[in-house]
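S.K.: Below is the structure I would like to discuss, written out as structure tokens.
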Amino acid sequence: MELPLVREFFPELAAAGVVGQLGRLGASVQQWNARLNLISRKDAEHIEEHHILHALTLTKVLRPGAGASFADLGTGGGFPGLVLAICYPQCRFTLVDSVGKKIAAVQEIARELGLENVIGRAQRAETLREKFDYVTGRAVTALPKFLGWAQPLLKLARAPTASAGEPPNTGVYYFKGTLWREELAGSPQQPASVWPLEAWVPRPFFAEKFLLHFPPAPLTQWAFRAPVA
Ligand SMILES: C[S@@+](CC[C@H](N)C(=O)[O-])C[C@H]1O[C@@H](n2cnc3c(N)ncnc32)[C@H](O)[C@@H]1O
């Protein structure tokens, strides 16, 4: 699969030689989608923009060092997890979804692409007990609930970044529309950074879509309970 938009908006990835792998990922997910509803039919037709490009916006801010560990919660057809696994072969990715057949497909896609840095977990995110440097998610559940699953999975000690001297940027990365403000109103846990995706990919599909970053927080900060009405 040719990826002209990826080449246009992520020339650094073309230089890094990963566009071919991303194209094979797109083709493989489309093939699987014909058998199994991994992603919606409309999204499958626009897989480059809706899934690959969307997930790639994370590479504008992530700088994981070698050996860093990621959990992608509610990965569905492997987004953003599989895209990141291609971009960061030096890191380890645990892709989690409660639907077993989606994880079976994601594992098969990873095998077809020769991605040795991916493992799948068919289980509910809230039952995970491992620790990770990064937790990612898109379109999984409301933010307070997602943060409640994700924060306990984060290592509190910061992992090294790829370039010495850069600030540590581990934590939770979640994609969300403008609703994020409403969902976190009154919560002590506010994002440390909010990036509008349109700044990186100025196309209508990315309008009002954001990437939010929450650094690892001690228990007292993430265990927020909404006040009883
Ligand atoms: C709308 S899909 C999004 C999939 C993918 N993140 C994407 O952006 O294309 C939401 C996924 O979250 C999964 N999910 C929902 N609740 C979950 C939970 N508690 N633990 C693990 N996966 C969950 C669903 O099975 C589904 O595959």
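Just so it is clear, glycine is given a Cβ too, placed from its N, Cα and C backbone atoms.
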S.K.: Out of Arg63, Arg138, which is the one TrEMBL records at the S-adenosyl-L-methionine site of Gly74, Phe79, Ala125, Glu126?
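M.R.: So the S-adenosyl-L-methionine site in TrEMBL includes Gly74, Phe79, Ala125, Glu126 plus, from the candidates Arg63, Arg138, Arg138.
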S.K.: Counting only residues 6+ apart in the same chain, whose Cβ is under 8 Å from the Cβ of Glu126 (S-adenosyl-L-methionine binding site)?
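M.R.: Residues satisfying the criterion: Gly148, Trp149.
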S.K.: Which state, by DSSP, holds Arg138 (S-adenosyl-L-methionine binding site): helix, strand or coil?
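M.R.: Looking at the DSSP assignment, Arg138 (S-adenosyl-L-methionine binding site) belongs to a strand.
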